[in-house]
């Protein structure tokens with residue numbers, strides 16, 4: 001089995017999908033988890049205004065609407081959280097995403113004060129936190145906030161990790177990668193777009209240039225620039241297609257380099273890293 005075949009199998013990516021079937025599959029998955037864990041009453045997710053959180057958020061909202069209808073229990077709710085660092089440049093996109101998602105509850109927690117306090121505390125020890133490291137601190141602070149809300153509201157935190165992100169390890173370890181449940185896992189980037197289109201989303205919600213936007217010295221840095229490869233190339237690879245050798249080398253390089261992100265903390269019995 002080639003490395004490409006191994007990755008496709010591990011991530012569960014299909015070469016093509018029926019968007020409506022995958023929408024149903026994700027909603028049923030989220031519902032089944034709640035039914036198995038009756039002490040859980042909410043799903044919590046940070047909404048950035050990007051494709052992935054918009055899709056996961058709408059799926060979560062539909063899940064809770066079905067749970068209420070089926071059980072008569074109005075405590076089943078989806079909590080969407082805006083988590084800006086100061087003023088977000090594309091706040092209008094985040095508001096458009098919320099308008100589409102129509103969450104039961106919408107909260108805002110600005111992470112600037114807490115993030116800056118952490119940076120100052122580190123710097124006070126004679127270190128100088130880099131802009132890149134600070135960006136990761138922002139992602140982790142956002143997850144701290146989501147778990148704080150989930151803990152108060154009998155909730156589980158939804159993550160937005162999908163196959164095109166997972167293969168490259170393009171997420172912050174213990175940040176956006178530290179969720180409880182991943183309804184988009186198995187989908188590549190273009191398949192996520194197909195689900196949003198099937199859900200009736202305005203195309204501006206899934207055609208905007210993807211960016212983590214964590215680094216202040218590189219505002220709005222496109223994912224594809226940071227990765228050195230396009231999502232179309234990543235998606236083609238995940239669908240089993242032949243892509244150019246340079247792009248394949250880059251993708252497989254990311255897969256190998258970020259293996260630690262896809263594992264629990266390394267123990268003496270692990271050998272994947274050797």
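The backbone N, Cα and C atoms fix where each Cβ goes, and this holds for glycine too.
Taken from Swiss-Prot, the feature ATP binding site applies to 46, 47, 48, 49, 50, 51, 52, 53, 160, 189, 211, supported by sequence analysis. Note on residue 48 (ATP binding site): other Cβ atoms within 10 Å of its Cβ, all shown chains, come to 24.
Taken from Swiss-Prot, the feature Mg(2+) binding site covers 52, 165, and the record attributes it to sequence analysis. Neighbours of residue 165 (Mg(2+) binding site), defined as other CB atoms within 10 A of its CB across all chains, total 27.
Annotated deamido-NAD(+) binding site per Swiss-Prot: 140, 173, 180, 260, 261, in sequence order. The C-beta environment of residue 260 (deamido-NAD(+) binding site), restricted to residues of the same chain at least 6 apart in sequence and closer than 8 Å, consists of 173, 266, 273.
A Cα-Cα distance of 17 Å separates residue 211 (ATP binding site) from residue 140 (deamido-NAD(+) binding site). Minimal Cβ crowding within 10 Å, among the binding-site residues 46, 50, is found at 50.
When the Cα of residue 160 (ATP binding site) is compared against those of the binding-site residues 140, 180, 261, the shortest separation belongs to 180.
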